[in-house]
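Copied over from TrEMBL, here are the features:
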- Asp408: active site (ACT_SITE)
- Lys235, Ser339, Ala340, Tyr341, Leu342, Glu413, Asp428: ATP binding site (BINDING)
- Asp428: Mn(2+) binding site (BINDING)
- 303-528: domain 'FAM20 C-terminal' (DOMAIN)
Amino acid sequence: MMRRDRLLLVVTLGAVFTADFYFILLPKLRPRQQGPGEHCLCPLSRGPNLTLGGYSAVDTPWLSNASFVDLQATWFEGLDDSTEGLSKLGRLFAHPLYNIHTPELGAEEKLLQPEDLMGYYRRKVSRWERHMKLYSEAAAAVNVTVPEHQVSFDPEASWLKFHLGINRYALYSRDDPAVTRLLRDMQATAVISADYTQDEKALKGSCDCTQVVKPSGHHLKLALKLQNFGKAMFKPMRQQRDQETPDDFFYFVDFQRHNAEIAAFHLDRILDFRRVPPVVGRLVNVTGDILLTTHNEDLKSVFFTSPANNTCFFAKCLYVCKTEYAVCGSPDLLEGSMSAYLPGLSIAPRISIPNPWIRSYSFTGREEWEVNPFYCDNIKQLYPYNSGNRLLNIIDMAIFDFLIGNMDRHHYEIFTKFGDEGFLLHFDNARGFGKHSRDEISILAPLSQCCMSRSCLSHVLTSRSTWLRLRLLSQDRYRLSDVMRESLGGDTLRPVLAEPHLQALDRRLQRVLKSVHRCVRRLGEAQVITTDFIDTANTPGPQVDT
């Protein structure tokens, strides 16, 4: 019996050692014995041979820390004079990586044509004027005074220019002056109408309190129409900047933070994704900008005056229609985020698609990706992730969400006009920046699992331009926390983020870089990073409004 036990122990230890060697030690040894990528049997696929500042993206070798610094120094030869005296943010946007040529846009690559957009909005303005005439007549019949606002439809309005600038590559170009104007207009232009958002109207105030995950319409947010007929979504302040999400909170019941929406827009611009609609902070007068401008009786009915003599209001949804869930001015002023609306669905249709790495929105359940480390193999065989750049965009979105700490990306949206090759809209980032003391590494599952993938369909995880921008932002000269601090410093609600959140960005960026670096060492650069550079010769740097 003792000999049999010994034999069983030896066999067990041998099996454990063999498995450890095969699955852990051998993959680490292979890159040392072979060149990067030689151990992968998958055929290499490359993008177009495009160039950046005279360097061919295909010919550029894998960049170690030393070679990256050398290449960075070469990029700045002859640029020192032009960037001298600029701030870090100014130097960043003057860098060649932020001056890459985009192809000339044809009609099919633009979301909207001017004549179609102008006709659509002129019809909306006519309906608004008819509605206001009828509303004023009805109010006069019952001796109710309706505030009058001077309104005008301006074909040169910033929000119209923003809509016209949307194309298949991004929501706006790097140097689009309309975005700067739009931020200024959303921050200062008079509000002429306030109403519930469409998703909250769809609930009609009726909500199922037994639901673990509440529908999006229950969150307190409003649609504000501006004097120039622009439209913005207002999310009021619900949490102080120095507060962290309590440890006992699930991600799907976390607070919605107005400052997270603002910071997410700035980070998206700094990463050069340009997939978050413009957002700016604003101090709203709860009485003058909302109560006195709304024509919605349901919205008027949820206003009250607190014991501290502050004007407050709460959501209509039944399980939050209590004064303890209200937001209050001080006594009338309330800070919040103003997010620019995209063109209406009737003129620019979008489709909402479940995120393949969606989380389990329950207290105990787990999704397949949470238990299967090779989940990415399955995704790569499914449409639309088996071709094109959709999976690459999912990984970009995961990197973005990891940096802001957003675990609530259950869906993403795309414009239907651009089809499978269109970019993903990074909507609804209010649950980001909740914890600065913890990095939720599971958000990077698309990146880590697609690196471990056993499939030979593709191992591409990121584009070279994105990868180099991430590397650039890790350097002292362009440190991510510094350029974010400077960018956010231009917002009226500054400081938008508490300092620990800015420091967390640098820490998380390093974790992203290490994850990609490990994958490059395992598979080789050609398998992991696709080329996407376009010649930057004779490209002037963009105007930077700091």
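Glycine too: its Cβ is placed from the backbone N, Cα and C atoms.
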Of Asp408, Glu413, Asp428, the recorded positions given in the record, which has the fewest other CB atoms within 10 A of its CB?
Glu413
Quiz question: given the binding-site residues Ala340, Tyr341, which has the greatest number of C-beta atoms lying within 10 angstroms of its own C-beta?
Ala340
Please name which of the binding-site residues listed here, Ser339, Ala340, Leu342, is nearest in space to Asp408 (active site), Cα against Cα.
Ser339
Taking the residues Lys235, Ser339, Ala340, Tyr341, Leu342, Glu413, Asp428, which the record names as binding ATP, find the longest CA to CA distance and state it in Å to the nearest whole number.
20
10 Å Cβ neighbour count around Lys235 (ATP binding site)?
25
Using all protein chains shown, find which of the binding-site residues Ser339, Leu342 scores highest when you count other CB atoms within 10 A of its CB.
Ser339
For the domain 'FAM20 C-terminal' (303-528), the mean pLDDT of the predicted model
90
